[in-house]
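Per TrEMBL, the features are as follows:
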type	residues	note
SIGNAL	1-26	signal peptide
DOMAIN	83-430	domain 'Peptidase A1'
ACT_SITE	D101	active site
ACT_SITE	D313	active site
Amino acid sequence: MAAPLLLSTIILALVVVASSTHGTMANGVFQVCRKFHIVDGVYKGSDIGALQTHDENRHHRRNLMAAELPLGGFNIPYGTGLYYTDIGIGTPAVKYYVQLDTGSKAFWVNGISCKQCPHESDILRKLTFYDPRSSVSSKEMKCDDTICTSRPPCNMTLRCPYITGYADGGLTMGILFTDLLHYHQLYGNGQTQPTSTSVTFGCGLQQSGSLNNSAVVIDGIIGFGNSNQTVLSQLAAAGKTKKIFSHCLDSTNGGGIFAIGEVVEPKVKTTPIVKNNEVYHLVNLKSIDVASTTLQLPANIFGTTKTKGTIIDSGSTLVYLPEIIYSELILAVFAKHPDINMGAMYNFQCFHFLGSVDDKFPKITFHFENDLTLDVYPYDYLLEYEGNQYCFGFQDAGIHGYKDMIILGDMVISNKVVVYDMEKQAIGWTEHNSVEEACGRSEGLSPIGRMHGGL
């Protein structure tokens, strides 16, 4: 695993408005690393297949009955995330590496008494376990605490349990605790100062399924889904931050920046989040252009119902489109290349091409409500996996079991400042390169603008 980027170097990527003008609110930022490594902008053949496997595990729905969720339980219908960072918990602070997941809402880390938990992983050489006895600021939640949904009768000595299920079969169970979350505030002079806030989170006592897979597990997960049960909601309720977060992800080298707070510059145009009963960030997609020509599609193809809609999901690697959209899109993209012979690999359509794909293939533009557009360039959607070998990054959702869903993943929202405004229920973005150097290096960060009012 690449060495983590020091927080002091991350602030080179941000120019912030002095926090003194916004009361006790200040800005926070995390450097993130990507679980799938990219070398010189190229995916190797085995990594191409791993991208689909990751997404299939994440998107396949798993229904958990309400009766299965005990006090304080969470129901997470998607699989785990793609990016991770480090945080501090407890007094004294202990470092944990956690996944940042915009498709879920729970915050938990492995507990010291966890059964069947791996102690090492391919991502982290050694996992870290939360020990409440080693933290003087730790407090165990009881079943009559307000954050725990009590079901009478409740004995005041009983703990408040949680259970979180993931689509890929992963399951975590444990007890809710409150402890200090440690982070760095950013100030107007670009300097950081450590601070901490009390939050409630899960201490995992038993893990199963994918959460026991030593190839991909880390210390825990922080969910940033569209929910009032996230750690972001807790911080906002405590007056520590506005309920806004953003990220700028690096598609070339696989790292990036994740920040909490209001973006002042660059200006970001937004589109409304569609109201729904899930944790997804659903938006209204209106049309798709290829080389400035609109695809001719059925009028209702972009509608939002209980079974279809458009999801912005940084935890997914690729883009999934209903079969009719996918078919029209691939025809339009390759219209000027009738001589290209496609071959299937891991359900990708792949081909050999000499020359610059950026010069020979068209730009794709997604149009959303409120005239927000998302431009996708050939270097975004044509994934190079070997010399002069490319795979079409868009996927037929039906083949993968998603049918009418449109899922816009990391492939099309990287190299942009993406802002999730949970207060106004809106998402927006503007193009920008987030990181010039590979994840783990300390130089070459490029500015993503001014922020204030964050973690």
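Glycine too: its Cβ is placed from the backbone N, Cα and C atoms.
Just so you know, TrEMBL annotations never went through curation; they're auto-generated.
Cβ neighbour count for D313 (active site): 25 (other Cβ atoms within 10 Å of its Cβ, all protein chains included). Across the structure, D101 (active site) and D313 (active site) are spaced 9 Å apart at their Cα atoms.
In the structure as shown, the Cβ atom of D101 (active site) sits within 10 Å of 28 other Cβ atoms.
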